[in-house]
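Undergrad: Not my notes, these are from Swiss-Prot:
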type	residues	note
ACT_SITE	S111	active site, nucleophile
ACT_SITE	H136	active site
Amino acid sequence: MSDTQQSAPDIFNTGLVPMVVEQSARGERAYDIFSRLLKERVIFLVGPVEDYQANLLVAQLLFLESENPDKDVHLYINSPGGSVTAGLAIYDTMQFIKPDVATLCVGQAASMGALLLAAGAEGKRHALPNSRMMIHQPLGGFQGQATDIDIHAREILSMRDRLNTILAHHTGQDIETIRQDTDRDNFMAAEAAAQYGLIDRVLTSRGASE
C-alpha cells in the first residue's frame, strides 16, 4: 500500500471501452459498458487504487444507495492496491451506506484491493478460482529533514495498526496473527483466502453465488 497519488489513465479516451446499444420505444441509446452495468448495480475497482478512482467509486456507491437503499451493490475487484487514504475513502463509504456491498475478486486483489475485498458484506465476499490475493503492511518512502522523516515514520506505523485492525475485524483473525502475516508480501490463492477469512466462498459458476 502506498499513500502517494497516482494519475488515473483515461480509458474512455483510448477508444477501448465497448459501447452497448439498447432499443426502446424512443429509439436507440448507447451506453459505455461500465455505465450499462452501473444500471445493474455492478461497479468496478480496476487498476491502482488512487484518488480519482476512489472518488468515482464513492460517487457510484452513494448514487446506488439513493436509487435503492435495500438492494445489494456488486463490486468487482482486479487491483494491485495503491493509496491507503484513497482505499480507506472507499472502505468507509462501503461501511457507511445502507445497501450490502458484495465483493468479487477477478484476477487479483492485492494490498488495499485485498482489504476492500474482505470489507464486503458478510457472506457475500467471493473470488473466482484462479484469482489471487495479497496482504502486506503499508509501504512508505520519505525524504527530507530528520524530524519530518520521524513524523512520517510514526504516521505509517499508526496507519499499519489501523489497517491490521480492519483486517482482523473482517477476517476473524486475531490482531497478532494479522501483524505477523502482513509483515511481508503474503500471497494467497482463492481457496487459501477463503480459509483465512478474506473471502467467504470461491465461485466456480454463476449459480454458485445464488
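Using the three backbone atoms N, Cα and C, a Cβ is placed for every residue, glycine included.
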Undergrad: At the Cα level, what's the spacing in Å between the residue listed as 'active site' and S111 (active site, nucleophile), rounded?
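TA: Per the Cα atoms, the residue listed as 'active site' and S111 (active site, nucleophile) stand 6 Å apart.
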Undergrad: Which of S111, H136 (the active-site residues) has the most other Cβ atoms within 10 Å?
TA: S111
